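The following features are taken from Swiss-Prot:
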DISULFID  CYS26-CYS38  disulfide bond
DISULFID  CYS32-CYS43  disulfide bond
MOD_RES   TYR47  tyrosine amide
SIGNAL    1-21  signal peptide
Amino acid sequence: MRTLLVFLLLAILVAVLIGNVQVEACKQGIDCKYPRGCIEGVCEPLYG
């Protein structure tokens, strides 16, 4: 039971890390969902 819990926690951690990498990766503004722009390879909200 303990092994299963550790495995599930590890799987969740890996999924979160993969999700963060996918969100941050952009080369141009069109790679980000509106209203966000690509700033230094990261999708950032555009204000103003």
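Note that Cβ sites are derived from N, Cα and C of the backbone, with glycine treated the same way.
Remark: CYS32 (disulfide bond) has CYS26, CYS38, CYS43 as non-local neighbours, by Cβ distance under 8 Å and separation of at least 6 in sequence. Packing around CYS38 (disulfide bond) is summarised by its Cβ count: 16 other Cβ atoms lie within 10 angstroms of its Cβ, all protein chains included.
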